[in-house]
Amino acid sequence: MSTNNSVLVLKVGGALLQCEMGMARLMDTAAAMIANGQQVLMVHGGGCLVDEQLAANGMETVKLEGLRVTPPEQMPIIAGALAGTSNKILQGAATKAGIVSVGMCLADGNTVSAKIKDERLGLVGEVYPKDATYLKFILSQGWMPICSSIAMMDDGQMLNVNADQAATVLAKLVGGKLVLLSDVSGVLDGKGQLIPSLNGQQIADLVKQGVIEKGMKVKVEAALEVAQWMGQAVQVASWRDASQLVALAKGEAVGTQIQP
């Protein structure tokens with residue numbers, strides 16, 4: 001068994017939860033990496049499940065600049081959908097693939113500190129790295145943490161955190177390599193073609209042109225932040241593409257490389 005001291009942080013989007021085959025393929029890839037000594041930390045969203053639960057309760061989904069607005073009355077439903085249902089669906093898929101996993105949220109183990117991000121967004125949190133002890137213990141056992149993006153302030157108030165930003169903070173905390181996996185193969189140009197590599201200036205230009213917008217804008221800016229902080233490229237790739245997952249397992253570059 002080879003050992004790899006770096007942590008691979010895989011952020012998966014909520015759309016994965018609705019694709020059983022995609023989940024199985026990703027977990028099989030993660031299981032192979034863990035068996036080869038690679039430490040893997042998974043961070044997830046669950047936007048589609050949140051939308052479904054809110055609609056079932058007669059509540060509206062509102063977004064501002066790609067971020068979910070979270071009024072206090074929606075927080076229990078959002079926490080249940082993310083830290084509950086979404087987390088356990090992924091944990092079930094991990095168990096099926098033979099992975100020993102630990103379902104958790106950002107509030108566990110004093111892992112991050114959190115505060116309100118912007119009053120206009122309601123109970124949406126900004127999080128900061130705090131203590132890696134809990135995560136490092138789980139990883140040292142050969143287990144895979146599966147972390148939802150629910151955080152908590154010092155007064156116990158739950159906060160909803162954008163999952164891309166949550167993954168960024170955890171990657172910083174454990175000094176890991178970040179891969180943002182979604183249902184698209186990477187960042188696409190105006191013609192729908194994959195862009196293999198982007199730097200900060202190119203990202204700013206594409207945002208200005210409206211090519212990168214909404215959720216992808218949040219994702220790419222989070223990737224750029226961690227790339228600059230860690231001085232290494234962050235990958236934006238797809239869990240749908242089996243060839244990308246195989247390449248990922250081999251440690252090869254996949255999708256779009258966000259350069260520091």
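Each residue, glycine too, has its Cβ placed from N, Cα and C.
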Site co-member for substrate according to Swiss-Prot, given Gly46, Gly47, Asn160, out of Arg25, Arg68:
Arg68
C-alpha of Arg68 (substrate binding site) to C-alpha of Lys11 (site 'Transition state stabilizer'): distance in Å?
18
Residues near the substrate site, Gly46, Gly47, Arg68, Asn160 excluded, by Cβ within 8 Å of the Cβ center?
Gly14, Gly45, Val50, Ile78, Ala81, Leu82, Ser149, Asn162, Ala163
Given the recorded positions Lys11, Arg68, Lys219, which one's Cβ is surrounded by the fewest other Cβ atoms within 10 Å?
Arg68
Could you check what DSSP calls Lys219 (site 'Transition state stabilizer') once collapsed to helix, strand or coil?
helix
Pairwise Cα distance for Lys11 (site 'Transition state stabilizer')/Gly46 (substrate binding site) [Å, integer]:
11
